[in-house]
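A.B. asks: Below: one structure in structure tokens.
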């Protein structure tokens, strides 16, 4: 019990810190919209009173407005080729895809679920569900480890909580890995098959994507630390228990010799055959004859005690 009360608190605290870090990173990544970032190639808007840069200039009367002109007036511009296009910044998460507004300082956001191809939406929903389960299991593991640290009255229950926390951490890490890989597959499919006005010209993974994988790394490190704590505690307990048993045999050599004799009598040579119930009948018959041959004042309990004492070495 002394060993169980002295659980390796440092490793348990390390596992709690890693689990909490994984929980924070995964929640931030799920709520963020910077899993992927890049630029989109879009036509420049017409220049007007509110837009003087990154636009196509056309001859506009002083009292006119660019909205009164049709798209045919664009051919008056000297800009050709890529000069007619602008590259706007965008960033995408699991929930939203936000794009830079070339006509104003604000961003325009759309649902990424609606932008994804219909054939890939089932995988995207599965990815979202796995990500939520990943965070839920991380939270459960964190609660179990905190209960283990605070509940020190019963060390055996603490070891069970440690084992359940390790299993929960391992399952959550596997779900998180699957969720991240499925999202990457859905995003690449959306890049090729998504709406024309959304398809990126260049793109790369953003900080939320790397944060999600950092969360997975911390989760697995927490699981390994928790399993290591549980396994090492079990091995130390068994070693201490066996050591205590060896010490008791050294202190009581007669008990040790009696134990060896009992084992030897159990594994007797094969020449001696067990005769089932008949041997038990013969034993009690001999006992009765002993009682009758002994003195009358000898009590039956004394005879039984002597016989059992002989059998117990």
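Including glycine, each Cβ sits where the backbone N, Cα and C put it.
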A.B. asks: Identify the transmembrane segment range according to TrEMBL, selecting from 63-87, 88-112, 163-187, 238-262.
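C.D. replies: Going through 63-87, 88-112, 163-187, 238-262 one by one, TrEMBL gives transmembrane segment for 163-187.
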A.B. asks: Please report, as numbers and ranges, the same-chain residues at least 6 past the borders of the transmembrane segment (132-151) whose CB is under 8 Å from any CB of it.
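C.D. replies: The answer is 9, 12-13, 15-16, 19-20, 22-23, 26-27, 30, 157-158, 161-162, 164-166, 168-169, 171-173, 175-176, 179, 219, 222, 226.
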A.B. asks: At a C-beta cut-off of under 8 Å, are there same-chain residues at least 6 beyond the transmembrane segment (207-230) that contact it? List them, or none.
C.D. replies: 7-8, 11-12, 14-16, 18-19, 21-26, 28-30, 32-36, 93, 134, 138, 141, 145, 159, 162-163, 165-166, 169-170, 172-173, 176-177, 180
